[in-house]
């Protein structure tokens with residue numbers, strides 16, 4: 001990707017940043033959130049020491065019935081709570097029982113959001129301890145439905161809304177957010193939410209969900225996270241007519257008006273939070289996503305999860321899968337369905353990794369990878385009509401109109417779907433893959449579940465139990481011919497939380513492709529023999545914090561190696577450093 005982005009930046013590299021840029025910022029653990037401060041006494045500061053009714057209404061410091069007798073006396077809580085004193089563990093048990101009573105996933109989502117609004121630590125305790133059960137609730141696939149209905153379930157602001165109305169005063173708007181020490185911003189303009197299209201202002205559910213995972217899975221402090229929606233309007237007619245729609249009621253701004261708003265936003269973020277704040281672009285449409293990443297990659301610490309995070313997690317799965325399907329990365333043939341930001345991003349990172357392993361130029365390694373879009377195989381005869389990000393994949397080949405014919409002609413060993421269109425890996429496609437591969441690797445990555453290219457059941461059944469399968473959304477284990485197959489989930493949540501933590505602990509000021517490769521390699525190494533025996537190419541999410549710490553250490557090490565790290569001297573043990581910096585949701589004892 002760096003190579004492609006470099007072409008788009010007229011040869012400028014992320015390492016060629018302006019030497020006059022100020023390097024500032026730096027975050028202290030003000031609220032006693034890190035693991036390193038878990039045993040220390042904490043004073044519940046807001047503007048002043050929080051006490052009484054205000055303390056119970058402050059989600060960061062509220063402990064509900066877990067306040068001790070001593071704390072109830074010291075902070076004027078007598079009479080404001082029932083007399084029982086219960087532990088955080090018992091609170092967790094009670095709430096999990098309550099959440100499991102709901103049959104509708106959206107009800108579980110709303111219950112979790114309401115918990116976050118009243119007791120932040122308990123929310124994260126639930127999420128961390130029950131990550132495999134609650135991840136699909138607070139993130140994909142449920143978050144997609146939540147975004148579609150965000151206007152109806154909106155309770156209170158969970159982030160900042162910056163619309164065209166705020167043009168010229170974005171810096172003032174940023175200063176309205178109560179936290180000053182921000183480490184990670186996730187921003188969307190809502191134009192391409194998951195596989196659901198333009199949801200405008202209601203796309204806010206995505207930055208909120210992503211940052212919840214940054215905290216739960218990567219240990220970034222909640223106080224250091226800021227979700228932002230840039231509202232430039234929507235082209236979704238249904239939303240424009242919806243009386244409950246919460247965004248601007250106008251068609252999307254484009255061109256110069258859009259570019260000026262984004263430019264003001266990026267400048268204001270850097271001015272307000274310093275050089276080391278990570279800005280993650282999320283669910284922008286293709287035509288903006290690549291341009292924004294190319295434009296700001298040399299001036300800001302930016303990361304696009306749809307392009308770079310997806311690429312990194314898929315590369316990790318492919319590298320791990322080599323243990324099951326054999327051969328080196330360079331010996332395999334790749335075919336993609338979907339040539340948008342996810343597809344081309346994954347393809348580019350795979351090409352870079354092959355280039356790194358074989359020392360061949362990336363222009364050569366790209367030839368092992370073919371992409372199919374809505375008009376068929378991307379070939380050189382189509383080059384003049386292709387978008388710029390598709391052009392590197394236009395190889396010399398006869399035109400092929402559809403995926404099935406492309407599979408038959410190219411005979412790929414690895415089939416990857418990032419089309420956003422459900423059920424496109426048909427029975428004929430899977431059977432063709434199985435006809436010339438002993439163990440075809442099938443990755444159906446599109447979200448949510450309804451958009452997945454095929455289900456786990458279909459992949460295993462149509463390949464007669466020989467496919468190695470992973471998907472973007474979760475699927476239940478499936479039994480075929482007496483053997484239970486556990487489908488892997490190529491979820492970006494494996495990569496971005498640990499990746500972000502690595503940038504934070506190293507004080508990195510730019511993102512480089514070598515860091516993405518480092519993250520992929522660290523994730524692939526976390527897959528155990530026991531996982532492989534079940535056909536898994538990703539480790540279980542129950543170990544995600546350990547996985548994130550290892551990814552963070554690998555990414556930080558690469559940042560120091562590349563000379564873009566500013567936290568000096570470099571810690572001797574980066575894994576221990578990452579673990580000690582991680583947020584823990586255990587209740588603190590108040591003075």
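Easy rule for this one: first residue shown is 1, then count along the chain.
Even glycines carry a Cβ here, placed using N, Cα and C.
Feature annotations, courtesy of TrEMBL:
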- 116-297: domain 'Malic enzyme N-terminal' (DOMAIN)
- 139: active site, proton donor (ACT_SITE)
- 192, 447, 491: (S)-malate binding site (BINDING)
- 210: active site, proton acceptor (ACT_SITE)
- 282, 283, 306: divalent metal cation binding site (BINDING)
- 307-560: domain 'Malic enzyme NAD-binding' (DOMAIN)
Cβ within 8 Å of the mean position of the Cβ atoms of 282, 283, 306: remaining residues of the chain near divalent metal cation:
188, 192, 193, 206, 281, 284, 289, 304, 305
Using residue 192 ((S)-malate binding site) as the reference point, find which of the recorded positions 139, 210, 282, 283, 306 has the shortest Cα-to-Cα distance to it.
283
Work through the binding-site residues one by one (447, 491) and point out the residue whose CB has the fewest other CB atoms within 10 angstroms.
447
Can you tell which of the recorded positions 139, 282, 283 lies nearest to residue 491 ((S)-malate binding site) in space, using Cα positions?
139
Between the Cα atoms of residue 306 (divalent metal cation binding site) and residue 139 (active site, proton donor), find the distance and write it as a whole number of Å.
15
Fewest other Cβ atoms within 10 Å: which of the binding-site residues 282, 283, 306 wins that one? Let me know.
306
With a 10 Å radius around each C-beta, find which of these recorded positions (192, 210) has the fewest other C-beta atoms nearby.
192
Just to confirm: which same-chain residues, 6+ apart in sequence, have a Cβ under 8 Å from the Cβ of residue 139 (active site, proton donor)?
209, 210, 212, 213, 493
Inter-residue C-alpha distance, residue 282 (divalent metal cation binding site) and residue 447 ((S)-malate binding site) (nearest angstrom)
14
Looking only at 192, 447, 491, the residues listed as binding (S)-malate, what is the longest Cα to Cα distance in Å?
18
Averaged over the domain 'Malic enzyme N-terminal' (116-297), what pLDDT does the prediction give?
94
